[in-house]
């Protein structure tokens, strides 16, 4: 006898939980969504128009969620701004916001939609999760009233928060996260008064969640991994790619390896704004990733991941990121260096003038060391070793230490550091290291055509980023991204207090 319709979600949840408990792995999905955008306006549109737009985007997301569930996925992450887009003023965002309660209220919007007032978006997301027996992660906007008793209350009497929500396989709201590090254009939102470290338990591991720009900061990103000991981070993002490095797939993969956790990165897709690149990243490298700057299509990715990667026999050992570099007194070779800009950051560069060699370049407290051998030294391609030690950013400034082996766009050295996607030169070997003043270092290699190099490099325990058997494709950059969180400038909210 078949279970009744009312009992079916509970039965599916129990079966899914048993499957997950029986395995040390889980099937994860991310969806890169080509968001349907509203017409830019300074004034609020009617609530019905706002909901109509959001429903169009949720129609697309629901299709991806159903497909992921049919393939056995336990959880799916959708992008930041994936339901209503961006380019809002504070006034025009309001019709798109809902009151999102604390998950402690034990609420299933799908079965009790009016408990907290009109919440059609949360109701629909909850039903997507419940009807497909899958965890659903989405990014929406939260509104919270305030009054004159709160000295920080905005003039319009409400707080607006860029917010991630998670619904479990029964459709229950199990997590709510307010983005703490807003990007410079997010003036429609408010900063939360305190950073949030949001976690929740599942049969297939402990999860944490934060949004886009948050990944670059100690709070909440490092706190979740080191203090809360999460196994997997959920990461809705709207990432604008910055070549020659800091593309979405490049840095997100590097972060997962450097922090030793899974990262489920779901990006928005908008080629006009250089938004593309999502993936399922692990401590060992990318399990699956996607980068497409040519079409306007969304993309669903799935991969089986370790539920508790720290317990995996393949979990990478601890790395002393400065051990090798600080043991080297000096490399032989030319001492000539020159300055070049990567966006607004001034790097110190040295040109690799020979087919092979040992090179060093220093800036501030950082010295970067490189041993390399090119497969062929092309006259029409120039590579440099670069070092950067300083603050980056505008509204929120943060401290980088970067060592990079980098291809220049042309033979004119003044172009070194400018965006480049393609290359022709392969390397028989390279070994890159630096005298980092931090244990937070993120390694990654980027090949021609904005492709990653899974399995083709390794990080040794003494801090060397080293090719295993040469590069199978032409190299654009090999980079070690170091973060000195203790040298960051204060959070903007702390400055304003």
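Any Cβ shown, glycine's included, is placed from N, Cα and C.
The feature signal peptide is assigned by TrEMBL to 1-22. What TrEMBL lists as domain 'CN hydrolase' is 31-307. Positions annotated as active site, proton acceptor by TrEMBL: 80. The active site, proton donor annotation in TrEMBL covers 179. Under the heading active site, nucleophile, TrEMBL lists 212.
When the Cα atoms are compared, residue 80 (active site, proton acceptor) and the residue listed as 'active site, nucleophile' turn out to be 7 Å apart. The two recorded residues, the residue listed as 'active site, nucleophile' and residue 179 (active site, proton donor), show a Cα separation of 9 Å.
Long-range Cβ proximity for residue 179 (active site, proton donor), meaning a same-chain Cβ under 8 A and a gap of 6 or more residues, is found for 161, 162, 163, 164, 186, 189, 192, 210, 211, 212, 213, 214. Taken as a whole, the domain 'CN hydrolase' (31-307) shows an average pLDDT of 97 in this prediction.
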